[in-house]
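Quick look at what Swiss-Prot lists:
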BINDING   41, 42, 43, 44, 45, 46, 47, 48  ATP binding site
DOMAIN    4-240  domain 'ABC transporter'
């Protein structure tokens, strides 16, 4: 069993003038045994610092870090039974694949040579690199080197894997292959895993749950679909998803949201969810924007196509409201067969069941999009 718990964990550094720099502030997380949790956020948000505190490479300023019932504060990195995989493969260039994978076991355990050899060979079989055992790192591709780095962690048979952007040095094709490989390995091994990334695709496709950080604070923890469809606040709404959610600042006048270039009438049911908020931000995902059709019951507006980005299977269409400021643009995704071009006049519709509304002052979500009343979806996004 390996349940990892962060209880109000804080990390504070001291600058040259003696002032405090709060890198991580009161983060609380319960990571279940065997769970794959992804820590995601922009550069400098505190995700790698959080991972390094878990590993024992950074001290915890305040709060408590536990592995099951064992408090890890003050426990050295080598005594935590936690293995870490870095962005840099950090392989010994003069050692073979076998030597790189066995070195840690030879130096820090009392395991007999036969058992070390067996562990290395079983792990290389699992990773599909058994034919590379006698090669040096300089003779390996980037993907092969990453597999060796993973294998070095796996042979330790740790309670927890920590991975700090391990795929960022690979090209796009290899990253896609390794995402699948990592998910397969983690499922087979059943080891609790915490994975740090800034990559949207990795966050959405790899984790059982996603923890979104910004400016050292935890913004939301949930399944990938939960964070995508039901963001807690403006930051999560704007950060999760590519292209990102369209966000329009405005105000409430009676039952109408008034934005730059468009007025959006709200139903009574939506209005009732807003409390006393008057300053609002309206959000809608690009895939929920309908282009070129006037649909009854949906709010439809005149727009002009600014730029079209063909992506093969779909297009990212950047538009602006005809009656709005030229600087206020938004995005719709359409099929790859869509025939719109820059300069075209068209219409866009924002279905009310697809919009999000956020408090203009706090950024907190007041209304998230409606989802189908499907038992499987509801169960998935509410865990």
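Using the three backbone atoms N, Cα and C, a Cβ is placed for every residue, glycine included.
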C-beta crowding around residue 42 (ATP binding site), within 10 angstroms: 12
Stretch-averaged pLDDT - the domain 'ABC transporter' (4-240): 92
Cβ-centroid neighbourhood (8 Å) of the ATP site, 41, 42, 43, 44, 45, 46, 47, 48 excluded: 198, 213, 214
Neighbour-count leader, CB within 10 A, binding-site residues: 43, 48: 48
Binding-site residues: 41, 44, 46 - member with fewest neighbouring CB atoms within 10 Å: 44
Position of peak Cβ density within 10 Å, selected from the binding-site residues 45, 47: 47
